[in-house]
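Among the features that TrEMBL reports, domain 'Putative WW-binding' is placed at 49-97. Annotated domain 'Nin one binding (NOB1) Zn-ribbon-like' per TrEMBL: 146-218, in sequence order. The annotation region 'Disordered' is assigned in TrEMBL to 203-243.
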């Protein structure tokens with residue numbers, strides 16, 4: 001330990017640590033933060049040219065050139081417009097709280113105006129559907145107006161026959177319980193156009209996986225309805241309950 005070289009500025013009480021000497025700077029003398037170099041020095045020129053800050057970053061925009069471009073702009077474009085005319089031009093074609101009542105009072109809202117001399121005013125969608133199927137002009141004062149008439153029929157997905165009786169449960173042609181509701185529109189020539197759904201859940205196989213339960217007897221039996229001419233007991237109250 002006695003032969004170990006000690007730094008001349010190392011304190012005696014804290015071995016192994018270097019504490020810089022505390023020298024006071026004169027009041028009038030200023031210490032430069034960055035070492036000044038000669039601008040003609042080749043080392044300084046190389047550092048400024050290949051600096052990572054200038055090489056990897058985009059140059060900053062020149063604010064003076066942008067201000068000069070604004071001063072040289074066309075004065076006609078910089079004129080202040082009338083705020084009322086600007087608001088009216090912005091609201092053209094839009095439905096706002098200011099013009100919603102005016103738009104709703106229009107009889108031909110949402111479509112081109114037609115030469116209508118006689119029309120029927122109703123807010124009932126079912127009545128509007130019937131009037132459109134009859135070929136009459138339908139008007140509405142609140143904007144709630146259907147555009148296309150659409151009705152529904154029953155189509156059998158077993159024999160592909162159709163029926164317009166919506167109360168049927170079984171197909172009148174094949175007798176199976178395979179009727180599904182399908183939307184249909186009538187064209188100008190009188191032909192039907194069916195609108196089929198692409199949802200596979202329309203043909204739900206629920207109840208077809210398991211076997212049918214055994215038939216129950218008695219007047220309060222609950223048997224599945226399998227055929228159209230199936231006999232069911234009369235579900236009526238007894239004589240004592242009716243008294």
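One-based numbering along the chain as shown.
Every residue gets a Cβ built from N, Cα and C, even glycine.
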Exercise. Helix, strand, coil residue numbers for the domain 'Nin one binding (NOB1) Zn-ribbon-like' (146-218) per DSSP?
Worked result: 3 helix, 20 strand, 50 coil
Problem set entry | Local confidence of the prediction over the domain 'Nin one binding (NOB1) Zn-ribbon-like' (146-218), expressed as mean pLDDT | 87
